[in-house]
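> Structure in structure tokens, see below.
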Amino acid sequence: MSLSIADQNKLDAFWSYCVKNRYFNIGYPESADFDYTMLERFLRFSINNCGDWGEYCNYLLNSFDFEKEVMEYFSGIFKIPFAESWGYVTNGGTESNMFGCYLGRELFPEGTLYYSKDTHYSVAKIVKLLRIKSQLVESQPDGEMDYDDLINKIRTSGERHPIIFANIGTTVRGAVDNIAEIQKRIAALGIPREDYYLHADAALSGMILPFVEDPQPFTFADGIDSIGVSGHKMIGSPIPCGIVVAKKANVDRISVEIDYISAHDKTISGSRNGHTPLMMWAAVRSHTDAEWHRRIGHSLNMAKYAVDRFKAAGIDALCHKNSITVVFPKPSEWVWKKHCLATSGNVAHLITTAHHLDSSRIDALIDDVIADLAQRAA
């Protein structure tokens, strides 16, 4: 392959742009401090993980052995015996959540999906794509699901097989829906546990809660049926990806044998990226639990620092327990555009992922927020 000088210059300019902005991100959940140079040699191969990593596939260039070890790792931290679980490395959180909702719908074809107003915007798309009945549930002011509204809507509709979409860290506020409370409330309606489905969206917090001293309930041991976590958020990856883990008994219900690849297909996508399982494998194999604890602890400390700085300046700021998402009043456009902040309604947030080794980016942002408030008050 060869490029014209103009095209090569365009690539070189983009390289310089990427180098300059590698660690810019403070407004979105993405860790930029990864190093997968040991995997660069594999980019010369078309690695395709079509089908089930646990079975033979007629496409030989796959990374199934590595994907299996990735799934074994996540089954462990999400507290389900590996032999009783199944999942795969997805294209990202949306596919992971779609897989969970798909399983719920296949188990309960007439069931209604309940999700809160603070749920990620992709779930509304999933509802349309799966053509699944749904009801939007109110959120509490801090972003957590309104359990009274959830139960009222289940009761009013007469739904006997609800499909619950629980947030383990909401997109904007980082709130964690209470898995134990949801199950207790549904049990009080007289609905047995085996008659409803509970999916957990842990895109960011799924790699935080396993490594803190007092995590909120979020695992299979706590009662979930499936869970999704992102690979590019807390772990870090040059290619967006995710991991979904579910109960094998439920997944077996959707398995289809495909003669074209001589394998069973259980996944949403057919051809699947074989490079991202290598990256997730390298990440989990190169970090001990102690190192994850240190990494998560540093991010949590940075979030606390941000909250303390905001409050010292008289600015209201919110950060949930075990969260690295700090919510504060939405500043003027020049501030949120300069710092590439995510905004929603009258709030904005910053996220202290692990590439923020010191407080410099946080300080620069908060200084601008303070200056903005002074300008508006003048």
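Note that Cβ sites are derived from N, Cα and C of the backbone, with glycine treated the same way.
Below are the features listed in Swiss-Prot for this protein:
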- His120: substrate binding site (BINDING)
- Lys233: N6-(pyridoxal phosphate)lysine (MOD_RES)
> Roughly how many Å lie between the Cα atoms of His120 (substrate binding site) and Lys233 (N6-(pyridoxal phosphate)lysine), rounded to a whole value?
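Given the Cα positions, His120 (substrate binding site) is 15 Å from Lys233 (N6-(pyridoxal phosphate)lysine).
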> How many other Cβ atoms are found within 10 Å of the Cβ atom of His120 (substrate binding site), counting all protein chains shown?
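Counting Cβ neighbours of His120 (substrate binding site) within 10 Å gives 19.
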> What is the number of other Cβ atoms found within 10 Å of the Cβ of the residue listed as 'N6-(pyridoxal phosphate)lysine'?
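Other Cβ atoms within 10 Å of the residue listed as 'N6-(pyridoxal phosphate)lysine': 26.
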